[in-house]
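*Asks:* Take a look at the following structure, please.
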Amino acid sequence: MHVVNANGAAIPALGLGTWTLRGDACADLVASALALGYRHVDTAARYDNEADVGRGLAASDIGRDAVFVTTKVWYTDIAAGKLERAAEASLRRLGLHHVDLLLIHWPNPTIPLKETIGALNAARRGGLTRHVGVSNFPPRLLAEAVALSEAPLVCDQVEYHPYLDQSKLVAACRAADMALVSYCPLFRDGGLFSEPAVRAAAEHHGKTPGQVILRWHVQQAGVVAIPRTTRKERLAENIAVFDFALSEPEMEAITTLTQAGRRLCDHDEFPIDWAAG
Ligand code: 1BO
């Protein structure tokens, strides 16, 4: 498995996203993914599936140290003290002694960032996680978080796909030796799969449109993708993206689709001002 090295963390470049997966189906998909060669599983307290992900991990015969597990603390739980307790609760649900990466899931402007980043570092010092990072942090807030963190942050996990320009954030992550982890990497309604640039590359390489888009992600320095699927047959397809390479013109043709600028995720209570940088 290809890895992205980010401030001391070796993050498998293609992971399994589990947002919206629940119950036995989730546990089963996690175990199947591991059997197929996935070594990176992403969950969050907010997804309400940590126990299911934990069952999937336990059902697999892949050793704990061979799997990179990420979870996230929701914005309601990121004050000092509360964050550590939330991380401990996540570990109990996952059935793990520690995770590999613990993220602040969403910024919360009502809690000082210094306090949140301090609590995140305390969780790391306490052995709850090997590495720390953030999610859904726009460039300016990321710069503040990087400056405040005692342990280097290893990633910013954000929505990223060819319809959404994240070039500023990709550059900021590279400058800080961090990974940008793409969630919703395939967009959502499949419309992206019909784009001529995607279809042409798929035909040329004998790959599916989904594989071309995932390849576009992992071929960018420092970018990790965590596609989610509810279908077992898609698991194998999504991970088979390391045996071909897109040419520079193919990469560029897909990158220009960002002109469409379509974002899928925001949050009502604390919408993020991405335009402010
Ligand atoms: C609001 C959830 C975003 C993806 O983790």
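Cβ coordinates come from backbone N, Cα and C, glycine included.
Keep in mind the model is a prediction, meaning the values are calculated, not measured.
Among the features that TrEMBL reports, domain 'NADP-dependent oxidoreductase' is placed at 14-257. The feature active site, proton donor is assigned by TrEMBL to Tyr47. What TrEMBL records for Lys72 is site 'Lowers pKa of active site Tyr'. Sequence annotations record features per position, and here TrEMBL assigns substrate binding site to His105.
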*Asks:* Near the Cβ of the residue listed as 'substrate binding site', how many other Cβ atoms are there if near means within 10 Å?
*Replies:* 23
*Asks:* Does anything in the same chain, at least 6 positions from Lys72 (site 'Lowers pKa of active site Tyr'), have a Cβ under 8 Å from its Cβ, and if so what?
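*Replies:* In sequence order, the residues whose Cβ lies under 8 Å from that of Lys72 (site 'Lowers pKa of active site Tyr') (at least 6 apart) are Thr43, Ala44, Ala45, Arg46, Leu102, Leu103, Ile104, His105, Ser135, Gln157.
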*Asks:* Mind giving me a neighbour count for the residue listed as 'active site, proton donor'? Other Cβ atoms within 10 Å of its Cβ, every protein chain shown.
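*Replies:* Its Cβ shell of radius 10 Å holds 22 other Cβ atoms.
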*Asks:* Looking only at the domain 'NADP-dependent oxidoreductase' (14-257), report the model's average pLDDT.
*Replies:* 97
